[in-house]
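Participant: The structure under discussion is supplied below as structure tokens; questions concerning it will follow.
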Amino acid sequence: MDLGTTKYIIYTELIADGYVEKHDVIGAIFGQTEGLLSNELDLRDLQKSGRIGRIDVDLENINGKSFAKITLPSSLDKVETSILAATLETIDRVGPCFATVKITEVEDIRVSKRQYITNRARSILRKLMDEMIDTYEITEEIKESLRTEEIMEFGPENLPCGPNVVHSDSIIVVEGRADVLTLLRCGIKNTVAVEGTSVPKSIMELTKKKTTTAFTDGDRGGELILKELLQTCDIDYVARAPYGKEVEGTSKKEIMKCLRAKVPVEQIVGNNCNNSCNVSEVINSNSPEEIVESVTPKYFEKVETPVTEPVFDDNVVEEETVIVEPVKKTETEIIDVDAANESQVDKKFSGVKEIVDSIKNTGNVKFVVDGTEKTNTFKEFLTNIHEIKKMDFFAADMPISQKIVDLLYDKTPIIVGKEINVTKKPVNLRLFSFDEIVA
């Protein structure tokens, strides 16, 4: 159907009590409405002037009766169209047969057009927005290309580095090319990568000439590389990415915070020697494991040991601005205290290991109240948490989040879970992962 300037479509159903053909229906429509209204609404004149369109008839003959569906397009206004529709219902004969006509619907074709326009405009706009390049994306793309161009190569090993490594008085040693790119995004250009756990000779020589900061991932791989650097290079400061994160996956704010919190090697080992001790000798005399442990964020603390005169204050590493003078002890005394503490820790952890083993792979929690062990699902535990004032111990076969710590920090001194994923830990609370308990 060619709608043209059509505003409305009149849908009509006709039933004739005998056999009729299509031309009989068309003839009845024009013949029985002729002269019924004024000349302005005569169907023949309206069709000649184009104010109504071509009348379509869909006819079926079934069991001696004829059924027709008639559509009549109209570009008249709504009043004239309504009059015209009502006129069609006055038809009572088609050829020799009696007939009844009923208007089923008058459709405003402009509503359909508006709906089509709305849907099509939405589709076009969505396509435009998908194809449009955001200004921020353009800026970042240009910056990224410049940063990539800024990456240079250092030494015979062609190690990726920032443009200022050669001329800067200080350098930052990282693990790989992606870490160099990440620090370039933060505006740090004096970075060089070791590209693996085997430290190249050019890095060893460079660290002897410049103030060097080792900045490694906060995972097991980062620990291994840090140990290698401490053994082979002249490291002045040590910084670690947040626990469980890689340098390349760390935000600019976190990177700057980690670098500001870097720990001098002298401070790490200063608690195990007097002021006249040579730093390089101390580094060589202390295992890399001890140094790595001292700069790794304390995501758990060991259980309390019997009260003894402290060899040194554990908070020296944690707080850069507060340095407590160590109490001078002989080497023999230090070894004795450590041995005593280790035996006490083993005794206290033996019961904890049994509890951890009992809930592994169950999804349950176990807690100790007044010396009595209780096991629940986590949902049941949360339902009854208001009834529990104090617990001696809490373990859960699930990761420990910050929400769990905030809920339980004033109810128990020890929390054990599959993993520890917290950003803030109260001073009086100890957090352990399953791996740390079993190890």
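Each Cβ is built from the backbone N, Cα and C atoms, and glycine gets one as well.
As annotated in Swiss-Prot:
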type	residues	note
DOMAIN	169-243	domain 'Toprim'
BINDING	Glu175, Asp217	Mg(2+) 1 binding site
BINDING	Asp217, Asp219	Mg(2+) 2 binding site
Participant: By DSSP, what is the split of the domain 'Toprim' (169-243) into helix, strand and coil residues?
Facilitator: 31 helix, 18 strand, 26 coil
Participant: Which one of these binding-site residues, Glu175, Asp217, Asp219, has the sparsest Cβ neighbourhood, judged by other Cβ atoms within 10 angstroms?
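Facilitator: Sparsest of the binding-site residues Glu175, Asp217, Asp219 by Cβ contacts within 10 Å: Asp219.
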Participant: Between the Cα atoms of Glu175 (Mg(2+) 1 binding site) and Asp219 (Mg(2+) 2 binding site), find the distance and write it as a whole number of Å.
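Facilitator: A Cα-Cα distance of 12 Å.
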Participant: Restricting attention to the domain 'Toprim' (169-243), give the mean pLDDT.
Facilitator: 88
